[in-house]
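The following features are taken from Swiss-Prot:
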{"type": "TRANSMEM", "residues": "15-35", "note": "transmembrane segment"}
{"type": "TRANSMEM", "residues": "70-90", "note": "transmembrane segment"}
{"type": "DOMAIN", "residues": "104-165", "note": "domain 'J'"}
{"type": "TRANSMEM", "residues": "189-209", "note": "transmembrane segment"}
{"type": "DOMAIN", "residues": "197-542", "note": "domain 'SEC63 1'"}
{"type": "REGION", "residues": "492-618", "note": "region 'Disordered'"}
{"type": "MOD_RES", "residues": "THR538", "note": "phosphothreonine"}
{"type": "REGION", "residues": "720-761", "note": "region 'Disordered'"}
{"type": "COMPBIAS", "residues": "734-761", "note": "compositional bias 'Acidic residues'"}
Amino acid sequence: MAGQQFQYDDSGNTFFYFLTSFVGLIVIPATYYLWPRDQNAEQIRLKNIRKVYGRCMWYRLRLLKPQPNIIPTVKKIVLLAGWALFLFLAYKVSKTDREYQEYNPYEVLNLDPGATVAEIKKQYRLLSLKYHPDKGGDEVMFMRIAKAYAALTDEESRKNWEEFGNPDGPQATSFGIALPAWIVDQKNSILVLLVYGLAFMVILPVVVGSWWYRSIRYSGDQILIRTTQIYTYFVYKTRNMDMKRLIMVLAGASEFDPQYNKDATSRPTDNILIPQLIREIGSINLKKNEPPLTCPYSLKARVLLLSHLARMKIPETLEEDQQFMLKKCPALLQEMVNVICQLIVMARNREEREFRAPTLASLENCMKLSQMAVQGLQQFKSPLLQLPHIEEDNLRRVSNHKKYKIKTIQDLVSLKESDRHTLLHFLEDEKYEEVMAVLGSFPYVTMDIKSQVLDDEDSNNITVGSLVTVLVKLTRQTMAEVFEKEQSICAAEEQPAEDGQGETNKNRTKGGWQQKSKGPKKTAKSKKKKKPLKKKPTPVLLPQSKQQKQKQANGVVGNEAAVKEDEEEVSDKGSDSEEEETNRDSQSEKDDGSDRDSDREQDEKQNKDDEAEWQELQQSIQRKERALLETKSKITHPVYSLYFPEEKQEWWWLYIADRKEQTLISMPYHVCTLKDTEEVELKFPAPGKPGNYQYTVFLRSDSYMGLDQIKPLKLEVHEAKPVPENHPQWDTAIEGDEDQEDSEGFEDSFEEEEEEEEDDD
C-alpha cells in the first residue's frame, strides 16, 4: 500500500485559495448589511414630503441642520478596501500554476486521444530526435517522452496508467494543508503562540464579556431591566394611576439616569434652570420622598416632559436633553403597557384577593400619554392644535363658531370646501393650503369585526368556556380619500335632484287634483269587484195579493219553476264544490312544489355555508403561515408631529374591553405594520355563564389625538354541549365484545355435546 504524506504549502499557492474564500465570506455579507444607504434617495424622499411635513421638528432637524457624518465614508472606504483585496486574491489564484495535474501521455506526445500505434511510434521518433541528450536536447523532456511512449505501447505500463493514473504504478498519497510552512517553523513558534494567545485569550473574552454585560442589562425591546422592575413596582403599588402619577412614574426610568445610561447627561447648569422651569409650571409636588421618582435625574425628566406638553420655550442648553428624553418615551410607554397587561394576567391566574390588578383606566392613560408626548399637547387640549397655524389664539374662532362649532378633526374634514374656507378665513392662502394638505394626510381607519370559535363544528356558536377569536380587519385610508368620495357621491345625488326639481313640483300639483277626481272612480271599482263575490241572487218580493193571484192562475207552472230554481241552486253548489276541489288539488301541488324548492334552497344554502366555512378555515391557516414566515416592515406612514424630534411611524393598539365593568377582555395587540390593510386575531375565553354580553373593540393610535376608533361587540353565549355518554364507536366495540362472548359460548356448548357423544359410544 502506498504511503501517505502531509505537507504544508511551501509555494503559497493553496494558501491563496484559503485566504480568498475567507475574505469573500467576510466582504460579501458585510457589504449587504453595512453599505450606507443612498443619501440622494433620502433627500428625494424628504423633498417629496416637504409640503406636508415641512414644519415638523424632526424634518427640520434632519433637513435644515444636516450634521457631517464621517461614519458612512469610513464604511465605504473599508468595504472598498476589502473588495480590492478580494479581487487581488482572486486574480492571484487564477494565475497560479496547477501543481497537481492528471497525467496524460497523449498530451506529452502532442497527440490526439485514440491515435494508432503507428502514429505514436512516428511521433516518438520525431520528438526523440529533437530532445535526445546526445543531440543537445532536454534530458527531462526526453525522459517524459520515453515514459509516455512506454505507457502507450508497453502492456504493463499501459495497465498501470489505466488503473493508477501513472505508468510507474501507485504513488505515495500526499495531503496538502493550506497554510504556509513558516507558521509551523520552529523559529517562529513563539511568535505564533503569542498571536494565538492574544486573539483567543484576550481579545475574544473581552469582546464576548462586554457584549454579554450589555445584553443582560436590557430586555428584548432594548429597555433596561431595572426600568421594567421600577415600573412593575409602582404600577402594582398604584393600581389606578391618573395622568399626573403616570408622568411621575414614566420619568423614573433608568434610561434617564447617567449611572445606567451613558447617553443621559447631567450638567451643572441643571441646578439653576430646572428650578426655574418648576416655578413656571407650578404643578410639581416636591415634598414626597419616593426614590427613584424624586431623584434629580427623574425630576429633570419630569420637568422636561411637562414643559413639552405645555409647549413651553426652554433654554437651549436643555433642548438636547429634552429631545433625548422624548425619543425614549414611546418605547418606555409601550413597556409600561406590557407591564400592566402582565399584572392583569397574573391577577386573573391567582385567586388571592390581596393581589390587585391595575385598572383599565391606567392602561388607557398610558396610551393617551403616548399621543400627548408625540403631539406635545396636554390631556384636555383640543385635537385641532395638532394642525399647523392653529394655536390657542385662533382656536376659539374655530371651536366657538356660531354656525359650525368644530370640536374634532373629523368635524373639520366633513365640512364642504366653501364652509371650511369661510371658517378658516383668518389664514392666508398658503397657510390654508398647508393646513388642508396636513389634514388630508391624517389617517382614517375602519374596522370590520367578526367573532367565531375556531376549530369547532359550529364556529358561529359561542359556548361557555370556549376560546373566542375575534377577527378584526383594519383598512387604512387618508382623510382626503374618504371625504372626497363622500362629497362626490353627495354632489352626484344633488345634481339630478336640482335638475328635476320643476318636474317634481308639477307632479306634486298633479297629484293634488288627481286624488280628488279619483275618489268616486275608486268606489265604483270597489263595487264592481264586490259583485262576483255574490253567489245567490236576492229574491224580489212582490205584494201579497199579486202572489196569491199568480199562484191560483199558474199553480203548476209555479211549482215547476220552483223545482227548476232548486235544480239550478244544486248545480251551482256542485260547481262551487268542484272548483273548491280543483283549488285544493292545485294548492297541494303548489305546496309540494314549494316544499321541494325549499328543500333545494336549504341544500344549496348548506352547501354554501360549508364552502364558506372551508374557505374561512383555509384563510385562517394561510394567516397563521404568513404570521410565522413573513416578517413585515414596521415602516408604515410618518406621523405629523410639530414638536417631536424624531421621525415616528404610525402604530396602533387594538384590544377588547368591557366598559360597564371596566375590565380588559383581550390583551392589547400592538399593530406596527398597518400600511393599507391588516388582519388581526384577538383571542379570549368566553364568559363562564350563558347570556348576552356587550363588549367594545378599541383601536387607539399611539401618535394622534382624537383619531381613536370604537366599535361595539355583541356576544351571545350558550350553554356548553354535554359530553356524549354513548358514541357509535363505543357501541361497535360493545357489540364486538358481545359477539365474541356469544361465539365463545357456542364453542363451549359444541364441545360439551361432543364429550357426551363420546361417553355414549
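Just so it is clear, glycine is given a Cβ too, placed from its N, Cα and C backbone atoms.
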Query raised in the report: Quick one: mean pLDDT on the domain 'J' (104-165)?
Result: 80
Report summary line: Outside the transmembrane segment (70-90), at least 6 residues beyond either end, the same-chain residues with a Cβ under 8 Å of its Cβ set are 16, 19-20, 23-24, 26-27, 30-31, 34-36, 39
Query - Distal contacts, the transmembrane segment (15-35) - CB-CB under 8 A, six or more residues away - result: 9, 75-76, 79, 82-83, 85-86, 89-90, 92-93, 96, 178-180
**Report entry** Helix-strand-coil residue split for the domain 'J' (104-165), DSSP-based
**Finding:** 47 helix, 0 strand, 15 coil
